[in-house]
Each structure stands twice: as C-alpha cells, then as structure tokens.
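As written in TrEMBL, here are the features:
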- 93-116: transmembrane segment (TRANSMEM)
- 136-161: transmembrane segment (TRANSMEM)
- 167-186: transmembrane segment (TRANSMEM)
- 198-220: transmembrane segment (TRANSMEM)
- 240-265: transmembrane segment (TRANSMEM)
- 286-308: transmembrane segment (TRANSMEM)
- 337-357: transmembrane segment (TRANSMEM)
- 378-396: transmembrane segment (TRANSMEM)
Amino acid sequence: MSLSGDQPIETSRLLQDRLNNYQTASANNSYDWNVEIDVKGQVNTGPEQELSGFSFRKLLQYTGPGWLMAIAYLDPGNLESDLQAGSIAGYKLLWLLFWSHVAGLAIQILSLRLGVVTQSHLAQLIRRNYNRPTSVAIWLFTQCAIIGSDIQEIIGTAIALKIIFRLQLWIGVMITATDTFLFMWLQQYGVRKVEIFFISLIGVMIGCFWLEMFATHPSVESIIRGILVPEIPAEAKVQAVGMVGAVIMPHNMFLHSALVMSRYLGTTPTENKKKEANFYFAIESAISLFVSYLINLAVVVVFAQVFYKPGQTITQLPGLYDASQVLSNTLGKSAKYFWALGLLAAGQCSTMTGTLAGQYVVEGFLGAIFKKQWHRVALTRAVALVPSMLVAVLAVDRFDTMGEFLNSVPAYSSDSHTKINGIAASNDQDI
C-alpha cells in the first residue's frame with residue numbers, strides 16, 4: 001500500500017465530514033450542545049486478518065497518528081528543557097528523559113486503545129459520562145493547558161525566525177499566527193498528506209540536531225552512563241520536574257485518542273480488528289517516541305558538551321535564543337542556523353498539532369457550538385496570541401523563566417487527566 005494514498009471508503013474526507021456536521025448542527029443559525037461532531041475514518045486499513053504475526057504492510061496502513069502524537073514531545077518547550085538540563089546537569093538527567101518517554105508511551109497506548117475500542121475520543125467520553133458543569137470545567141482546564149503550550153510554541157517559532165531572518169520577535173509572533181490557516185488548507189488534501197508533512201518536519205529535526213551532536217564529539221561512555229545511572233543533582237531539581245512536564249503532555253491524551261479514529265476499521269469493528277489496530281498503533285507509537293527520545297537526547301548532549309562544566313555555578317541558564325549564540329561561538333556560525341532550522345520545524349509542527357488538539361477538545365466537549373470551524377480556530381488562536389504578543393513586547397527577557405514554569409505544570413496535572421481518562425473509560429458501556 002502506498003503511504004500517501006488515501007483510499008475512498010464509505011465516508012468522504014475528514015474535513016468535509018466535519019463541515020457537514022457543522023452545517024447540520026447550525027441549521028437556521030442554531031448552536032446545539034447535544035449535536036456531537038464525529039471523527040470519521042478516512043484511511044482504509046484493509047480486510048480483517050487473524051493477528052498471527054507482524055506485517056510491515058499493515059504497519060504502514062496504521063502509520064501516521066503516532067507521529068503526530070510524538071510532536072508534542074518535540075515542541076520548543078521540550079527543546080528549552082533539554083538544553084537547560086544539559087547546561088546545568090550535563091548527561092546526568094538522560095535517564096529521566098528516557099523513563100519520561102517510557103511513561104509517556106504507556107499513557108499514549110491507553111489513550112489510543114480508548115479511541116479504538118470505543119470508537120470515540122476522550123473528550124467525547126467525558127462529555128457523555130459527566131454532567132454539563134463538570135464537562136465545561138474539565139474543558140476549561142484542558143483548554144488552558146493547550147493555550148499554555150501554544151504560547152511556548154508561538155514564541156519558539158518567533159525566536160527561530162529572529163535567528164534566521166533577524167526579525168523582531170513580535171513580527172515573528174504575527175507570522176506564526178498564519179500557521180493555523182496553512183494547516184486548515186493542508187487538511188483539505190486528506191489525512192495522509194497531513195501525516196507525511198509532519199513526518200517530514202520531524203526528519204528535519206533529526207538531521208539538524210544530530211549533525212550538531214556529532215559536531216561536538218560527545219563521549220559515548222558518558223551518554224550510556226547518563227542513561228543507566230539515575231541521579232538528580234541538587235541544582236537541577238527544577239529542570240528535572242520541567243523535563244517530565246515537557247515530555248508528558250496531558251492534552252496529548254485527547255489528541256491521540258482522536259487521531260486513531262482516522263483509520264477506518266469497518267462500520268462495526270470486530271474484536272479481532274480492534275486487536276489488530278491496537279497492536280499496530282502501539283508499535284507505531286513506540287517507534288515514533290523512540291525517535292523523539294533520540295532528538296531530545298541530541299539536544300541534551302550538545303549543551304552538555306558546549307556549556308556544562310562540573311562544579312561551575314551557573315547564574316543564568318541559556319534560553320532558546322541564547323542557545324544559538326552559544327553554538328555559534330563554539331561550533332561556528334553555521335551551527336546557529338542548524339539550531340534555528342530545527343527549532344523552526346519544531347515550532348511549526350507543534351503549533352499545528354496544538355490547533356488540531358484544540359479542535360478535537362472543543363468539538364468533543366462542547367459539540368456544535370460554533371457555526372463555522374474557523375470561528376473556533378480563530379478564537380483559540382487569538383487567546384494564545386494575546387499573551388504571546390505581550391511576552392514578545394514586554395517580557396521577552398523573562399520568557400525562559402516562564403517557560404520553566406509552563407514546562408513544570410503538566411507534570412502535576414497529568415495524573416488528574418489520567419484518572420479522568422480511566423473514569424470516563426470505566427463508565428462507558430463499550431469497554
């Protein structure tokens with residue numbers, strides 16, 4: 001099967017399905033909480049087969065959702081967490097980075113299984129199993145988390161544009177606002193094209209950050225020791241919490257449980273078909289998160305090599321922009337452009353998937369309350385742009401401190417989201 005081929009099935013394209021639902025829900029200019037926006041399967045996964053062994057062809061059919069999910073592990077907030085961890089602790093937090101990805105994989109497997117088994121995503125299940133005030137409260141909490149991540153992603157992209165084109169930060173923020181509409185345009189060409197676009201950007205990140213890592217000539221022995229020996233230096237406790245929070249993103253549970261529904265499993269999926277989907281989605285998620293780990297590892301290693309000095313007291317850790325100057329001074333001028341290109345790819349990926357996560361969250365929790373899809377996109381983007389612009393104009397020197405705080409918040413909130421996930425699933429009759 002061609003990786004890029006969208007196969008016609010009972011449903012039309014995903015975007016058209018949503019638009020049709022909106023048109024139905026908004027007939028006579030009415031907005032209806034009780035009308036659900038369904039996610040329709042667009043990519044055909046072939047006939048049902050006994051799960052007796054591994055099929056690479058089948059894996060390709062299910063490949064896509066896991067890579068979009070993994071982008072949340074590669075956003076500018078993660079990169080800042082990585083570079084600061086490497087700068088203050090050297091290789092000593094690589095083990096924490098590894099086990100954070102393992103914990104993230106466990107959560108993502110639960111999320112994808114929720115979507116496959118129930119054929120509904122997490123936001124829809126919460127809406128069905130809680131009363132309206134509770135659902136709205138959970139939605140507000142989740143939406144705030146998405147907006148907090150979005151601020152980091154917008155500023156990160158703006159910093160990359162500043163490094164490459166020497167633009168003012170506020171101009172970069174305004175340019176980043178157009179990403180949303182680019183993503184909406186890209187959706188018209190089918191989910192496969194969207195997935196290939198994001199996988200390509202992940203490839204750009206791999207190339208940029210691993211080239212820089214090799215240029216620093218790291219110690220393989222130190223890397224292995226950092227992965228195997230658990231240790232948290234006293235001066236790196238904040239960075240350790242931020243690393244966990246940056247990797248485990250609660251809103252990613254909502255995103256992943258919805259993304260897997262882009263695969264068409266049949267009008268009424270059988271148990272064997274669901275087992276097949278769970279099996280291949282889990283493999284794909286493991287592969288994509290392993291690649292994510294390798295990219296994050298490369299960033300930690302680069303700054304462990306060029307910035308960290310044992311016993312040194314660091315008064316100010318480098319931020320995303322400072323990192324380009326550090327790399328330029330130690331590895332040459334071209335290094336800062338490789339850094340900026342990788343940062344730009346990370347920012348582009350994460351802002352667009354953040355838009356998609358917000359789309360599923362709003363549609364799942366609130367139903368058809370917006371007459372047009374772009375109304376919802378414009379509102380949530382504006383909410384994120386206002387604080388981003390304020391940071392860009394008034395508090396750019398404090399962005400790194402704010403980034404540490406925003407990275408730490410998900411580490412504390414992910415447990416409550418996981419419990420909500422379990423309650424919603426246990427109350428659903430399909431499980």
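Glycine is no exception: its Cβ is also placed from the backbone N, Cα and C atoms.
Note that TrEMBL annotation is computational and uncurated.
Contact between the transmembrane segment (337-357) and the transmembrane segment (136-161) holds: at least three of their C-beta pairs are under 8 Å, each pair 6 or more apart in sequence. The highest tally of CB pairs under 8 A with the transmembrane segment (136-161), across 198-220, 286-308, 378-396, is held by 378-396.
With a cut-off of 8 Å between Cβ atoms, the residues of this chain six or more beyond the transmembrane segment (286-308) that come close are 66-67, 69-70, 73-74, 78-79, 82-91, 93-94, 97-98, 101, 104-105, 108, 202, 205-206, 209-210, 212-213, 216-218, 222-223, 247, 318, 323, 326-327, 330-331.
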